[in-house]
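Participant: My structure is below; once you've seen it, I'll send some questions.
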Amino acid sequence: MEGQYYGWGTVADGWRKGPWTPQEDQLLIEHVKLHGEGRWNSVSRLTGLKRSGKSSRLRWVNYLRPDLKRGKITPHEETIILELHARWGNRWSTIARSLPGRTDNEIKNYWRTHFKKSTKNVDKARARYLRLQQEQKQLLQQQQQQQQQQLLLLESSTVKEETTLTEEAIMAQEMQEIAFMCSNLPFMYQEEAGFVGESTTSSEDRSSEEETCYDTWDNLWNLDDIEISLGEQALTFY
């Protein structure tokens, strides 16, 4: 049976060789729909195909999967191939991950056809890739510097706000203390400072005099006046 020809391929070691027929393609498509990709060694047993697991996988990956791109490789794709080859070399599967819909075999054949003997294009691609890599590095450094500057500005603004709030709180506390001390001054010192008039002073006059308390606060703490007043009180007592 080995090497026997059936008109649509040859059979070797129990497996068919040669081109796939439309009937075989349809059987493989139905198998993947039912069982998914990856169970290639079971294709022959489940479908009756006389194709090896490796042959079934390559047929699906390179020709039958629905996301394959048809047609020639575009100039944009060619640029990607050149740049990635300058980086990865002949790692076609790795390059193919950056070109959705293109197979590693297709990319390899394109490279060998167009660039294998053209070192000039390869050198240009390598130089372009290195330049692009340098530009990306510089862009990343600029972004990091901008982020650091924004962080410093934010921290500076936060410190200023906290300082302003602290100063306002201290000022408010001082005003409360002054108001409290004004309202509890001894009657005689209020009289000496001119805050209280006759006992018949109206409520409006008292309000006006209380406002005056804040304006003339510095006059209240004249220690010489306090000592004189205390001395007079002592003489009167005796």
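Our numbering is plain: 1 for the first residue shown, then up by one each step along the chain.
The backbone N, Cα and C atoms fix where each Cβ goes, and this holds for glycine too.
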Participant: Pick from 39-76, 115-152: which stretch is listed in TrEMBL under coiled coil?
Facilitator: 115-152
Participant: Is it possible to list how many residues within the domain 'Myb-like' (16-64) are helical, extended or coil according to DSSP?
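Facilitator: Looking at the domain 'Myb-like' (16-64) with DSSP, the answer is 34 helix, 2 strand, 13 coil.
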